[in-house]
Amino acid sequence: MDPLSLLVPRARPSLPLPLRAAAPATSSARAAAPAPRRWRQRARLPSPVSAVAAEAPSAPSPSGGEEKEKEKEEGQFDWLDQWYPLAPVCDLDPGAPHGKTVLGLRVVAWYDRAVDEWRVFDDACPHRLAPLSEGRIDDKGRLQCVYHGWCFDGRGSCQFIPQAPALGPPVHKNSKACVASYPSVVQNNILWFYPRADEEHQDILQRKRPPFIPEIDDPSFVTVYGVRDLPYGYDVLVENLMDPAHVPYAHKGLMGKLRKKEDPGRVEFDVEGGGPVKMKIAEADIAGFLSEQDNSGYFRYVAPCTFYGSPLPKEEKGQEKKKKKKPPQFMLVFMCVPVSPGKSRVIWAFPRNVGVWLDKVIPRWYYHIGQNAILDSDIYLLHIEERNFAAAGIENWQKAVYVPTSSDNMVIAFRNWFRKHCKSQVGWAAPTVGQLPETPTKDKLMERYWSHVAQCRSCSAALKGMKALEVALQIASVAVVGFLAVAKGTLVTSVVQRAAVVSLAVLCFAASRWLASFIEKNFYFQDYVHAYK
């Protein structure tokens, strides 16, 4: 949750309908050149591997056979028949390709200036399978593999093979020289792609669109975007975001002072401000579910990636029509991306129509410092929790956990969905190793640079500017001391003047050291010790 949410006055936003239709968006889901056979097969055939999720609590069934039959009738979730977000467009440099991994599938996003659209390809050159994400955009606007110089247009067709004789056979036109191109679209200022590259799915945008959040495109709203890679799996990420009860404890000191929950009869209160959270689940099916909290907000899960809502209470029926002015609204939109077993990515967007002026004076990277601190505070907890789930066994989640209060209702609803429709595992698009990776040291686990800063243009620019300022301050401190040595007895004659010059040098050096510490803590690594919070 963004710290700014604490500044927003309580209001009653309207409850959105299920996300079905979307607004017009920039699309590159056109007919592509035939993909090589090996890539078409990989795109069509999922290789489900456990994401270390487990069975969630559910109502007892009359018999195991009846329960299996019921789940069979409800259908299994097709992970490859979905749109997946890659990154906010504001974080993508049109002058370079960008490598991403989704569902175990390595893809490259690049900007095709010939049609002013973003493209998404397999991140492997058909020549020798070198990563195209390490390539460049050539002077003709094509994606060039830097291993041997092969060039591809926006449809994935090979346009140039430098090693092929000009008067020889046109080997670049062979279908084996093509790279698989996935349908893609920019919607809500986020680049999405559909992980099937075969010909029959190139027009998928006409039949199925990504979930659409109207508030993000509303001109009366401003939206702060962000992204971070996380060292735990997709199911653990979703479960954590759906858990309001952990906020006052795992994020103590980061979310401001929370209002104590009303609980008649309670005699013991803790300083964190935790208490009962009443919520109910509705509209649960294979597409997701809705959660409503008593007079304190709503959230909707649109499988598999989108989780959005507001901590503010919903609008009563008929109340919205009585108001001429749109009420203050603040929304939390999270997009949870399965990367590989034990790894996930969260893309967030926080649209609001209050405090709009703040974005004109507060840089985007400053918001990210607070959001990254919140993510840091439970990274280690969730990383180890996932391994405890794995040790308990995928079939024993219900027995391993104890969830007796309604504050866990969203978590239970997600686990039920994950079990009934996904058999508690992600349907990976590429072969993956099911075993979780080894746990690294805490500084590697919680590092910020590669997991966020390198992917964020705002934070990257801020880091570059701060490093330049740090060097300038160090040079200034040395220059001031040098000036004092040269000017002693001439320009600087009094004790007061010498003291002022020395003080300036010390201040410049101290400022450079403080800035270096600020850079390290906010752009590289800062430990979070719960015992001292």
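Here the Cβ of each residue, glycine as well, is placed from N, Cα and C on the backbone.
Please treat TrEMBL annotations as automatic predictions, because they have not gone through curation.
Record features, source TrEMBL:
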type	residues	note
COMPBIAS	17-36	compositional bias 'Low complexity'
REGION	17-74	region 'Disordered'
COMPBIAS	44-64	compositional bias 'Low complexity'
COMPBIAS	65-74	compositional bias 'Basic and acidic residues'
DOMAIN	84-193	domain 'Rieske'
TRANSMEM	468-487	transmembrane segment
TRANSMEM	499-519	transmembrane segment
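For the transmembrane segment (499-519), same-chain residues at least 6 beyond its ends with a Cβ under 8 Å from one of its own Cβ atoms are 463, 466-467, 469-471, 473-474, 476-478, 480-481, 483-484, 492. Counting residue by residue with DSSP, the domain 'Rieske' (84-193) contains 12 helix, 43 strand, 55 coil. Across all of the domain 'Rieske' (84-193), the predicted model scores a mean pLDDT of 94.
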